[in-house]
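Participant: Dumping what Swiss-Prot says about this protein:
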ACT_SITE  Cys85  active site, nucleophile
ACT_SITE  His179  active site
ACT_SITE  Glu181  active site
BINDING   Ser233, Gly234, Gly235, Val236, Asp237, Ser238, Ser239  ATP binding site
DOMAIN    8-205  domain 'Glutamine amidotransferase type-1'
DOMAIN    206-398  domain 'GMPS ATP-PPase'
Amino acid sequence: MTNIHHHKILILDFGSQYTQLIARRVREIGVYCELWAWDVTEEQIREFNPTGIILSGGPESTTEANSPRATEYVFNAGVPVLGICYGMQTMAMQLGGLTETSTHREFGYAEVSLQNPTALFADLNDDLTACDPKLDVWMSHGDKVTRLPDNFQITGMTSTCPIAAMSDESRRFYCVQFHPEVTHTKCGQKLLQNFVVDICGCETNWTAENIIEDAVARIKAQVGDDEVILGLSGGVDSSVTALLLHRAIGKNLHCVFVDNGLLRLNEGDQVMEMFGDKFGLNIIRVEAEDRFLEALKGIDEPEAKRKTIGKVFVDVFDDEAKKLTDVKWLAQGTIYPDVIESAASKTGKAHVIKSHHNVGGLPDYMKLGLVEPLRELFKDEVRKIGLALGLPAEMLNRHPFPGPGLGVRVLGEIKKEYCDLLRKADAIFIEELHKADWYYKVSQAFGVFLPVKSVGVMGDGRKYDWVISLRAVETIDFMTAHWANLPYDLLGKISNRIINEVNGISRVVYDISGKPPATIEWE
């Protein structure tokens, strides 16, 4: 079996908003990498034994006292090191160079003129004018290197940054002031490939097939002949987790699907058909709509609704788990960004982002071991694994659906009537987006039930019914988003269908709020 962790890159995070992008780009090249906080120790790096190290960008200034620095071992480990933006500046400072706060900051597009030859820029060239090779790059920096460390040479410059790239070829130390990980840097992926494959000598073994083989082997080694329980939601992460476990241990996997009444139209039946009938998984379906709706009565505050939904899920899951007396392990669809956000970092620092609405809060007395086969994977990698395992692309590429489901898309108190109306309206919206070839052009689309009534006219009579808001956004990272400029005729068709086909809806509106200031979800 291929050792997919034999060659690996360590990325030290100095706080850049792009750091996870670096990791994803390295993985796309076909090489395993991990992202750690910048202040890891020499002992931790030795234990990880990286084939190469990348120092990320960051918001701090190297000219400030007590600004972050890499441990000195980074430069004594005998492996190639690539410094990006702040990573370049701290490498320069730590190796005897000098940085200063620039009077002319560079943010956005820049053109780097290549200078002395370097292995990092081998076969890179975006423009060639009068034998002057140049790169189109993306800059985001205030400080700049003004004096080279010993044995370094300038390999790139811009009109305002005389040292935009530098290298010490003998020690295989490379620095760029720009961000190769962002798509705006045209040759960025090739640059990273030069570093990871050609300079570090990494083999590209990080492929979907190898990851599946490795995950199945590790599951078998971890759980043996024991039985495992998994909360299957039908989402991407739990679905791929289920198929990996099923391939490894077969009927020793018990999936619990909790139908809480807050799912999309026919979603419960679709989950059972897909995983029970098609893939032959052992699934227990728990019809818990009444239990959830009863617990949510009278609750209209969003965070209180989230907590209630999470608590009831744990209670329902716990009740089912008690019936499976031979279960020794709990499986979860934890993915790598969850690990990063939960600060399961090598330094032990905790940065709690928000609680997850899954089985992470199971009672301590259950005493189950934890199986997390996706723990090393980014979301795009999970989708690739899912495709290789036979999951349909349309399911893997569905728009995000919140953990609390319709609980945060029905504003205010949750009632069955409201959920049923929203389910039907949302299904029409999504169906028409597919028909018009707009579904995959937007990043997320859904309906929101507004608990206000509006006067309408149907035939010769007036009616006083509910309002649905449609929301569609375009985004790269979901940190910021633009509302999608859907064609008026498409919006008109969707509105007409909802009002005519969903008895109880008299008005449809379209949300044209960006993020910020609005969030993508209404609650």
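Glycine too: its Cβ is placed from the backbone N, Cα and C atoms.
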Participant: To the nearest whole angstrom, what is the C-alpha distance linking Glu181 (active site) and Cys85 (active site, nucleophile)?
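Facilitator: Per the Cα atoms, Glu181 (active site) and Cys85 (active site, nucleophile) stand 11 Å apart.
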Participant: I need the CA-to-CA distance for Ser233 (ATP binding site) versus the residue listed as 'active site, nucleophile', whole Å please.
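Facilitator: Given the Cα positions, Ser233 (ATP binding site) is 41 Å from the residue listed as 'active site, nucleophile'.
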Participant: Taking each of the recorded positions Glu181, Asp237 in turn and counting other Cβ atoms within 10 Å of its Cβ, which one has the fewest?
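Facilitator: With the recorded positions Glu181, Asp237, fewest surrounding Cβ atoms within 10 Å: Asp237.
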Participant: State the three-class DSSP label for Ser239 (ATP binding site), counting H, G and I as helix, E and B as strand, and everything else as coil.
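Facilitator: Going by the DSSP assignment, Ser239 (ATP binding site) falls within a helical segment, counted as helix.
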Participant: Quick check: which same-chain residues outside Ser233, Gly234, Gly235, Val236, Asp237, Ser238, Ser239 lie with their CB within 8 A of the centre of the ATP site CB atoms?
Facilitator: Leu232, Val240, Thr241, Ala242, Gly333
Participant: With every protein chain in view, what's the tally of Cβ atoms within 10 Å of the Cβ of Ser238 (ATP binding site), excluding that atom itself?
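Facilitator: Around the Cβ of Ser238 (ATP binding site), 23 other Cβ atoms lie within 10 Å.
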Participant: Using a 10 Å cut-off, grab the number of neighbouring Cβ atoms around the Cβ of Ser233 (ATP binding site), all chains included.
Facilitator: 26
Participant: Write out the long-range same-chain contacts of Gly234 (ATP binding site), meaning residues 6 or more apart in sequence whose Cβ is under 8 Å from its Cβ.
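Facilitator: Set apart from Gly234 (ATP binding site) by at least 6 residues yet with Cβ under 8 Å, we have Phe257, Leu263, Glu267, Gln270, Val271, Met274, Phe275.
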Participant: For Val236 (ATP binding site) and the residue listed as 'active site, nucleophile', determine the Cα separation and express it in whole Å.
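Facilitator: Val236 (ATP binding site) to the residue listed as 'active site, nucleophile', Cα-Cα distance: 34 Å.
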Participant: Can you work out the mean pLDDT of the predicted model over the domain 'GMPS ATP-PPase' (206-398)?
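Facilitator: Mean model confidence (pLDDT) across the domain 'GMPS ATP-PPase' (206-398) is 88.
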Participant: For Gly234 (ATP binding site), what is the secondary structure state per DSSP, taken as helix, strand or coil?
Facilitator: coil
Participant: For Cys85 (active site, nucleophile) and His179 (active site), determine the Cα separation and express it in whole Å.
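Facilitator: So the Cα of His179 (active site) lies 7 Å away from that of Cys85 (active site, nucleophile).
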Participant: Restricting to the chain of His179 (active site) and a gap of 6 or more, list residues whose Cβ falls under 8 Å of its Cβ, or answer none.
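Facilitator: For His179 (active site), the qualifying residues are Tyr18, Gly57, Ile84, Cys85, Val137, Trp138, Met139, Ser140, Thr185, Gly188.
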Participant: Around Val236 (ATP binding site), how many other CB atoms lie within 10 A of its CB?
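Facilitator: For Val236 (ATP binding site), the 10 Å Cβ neighbour count is 23.
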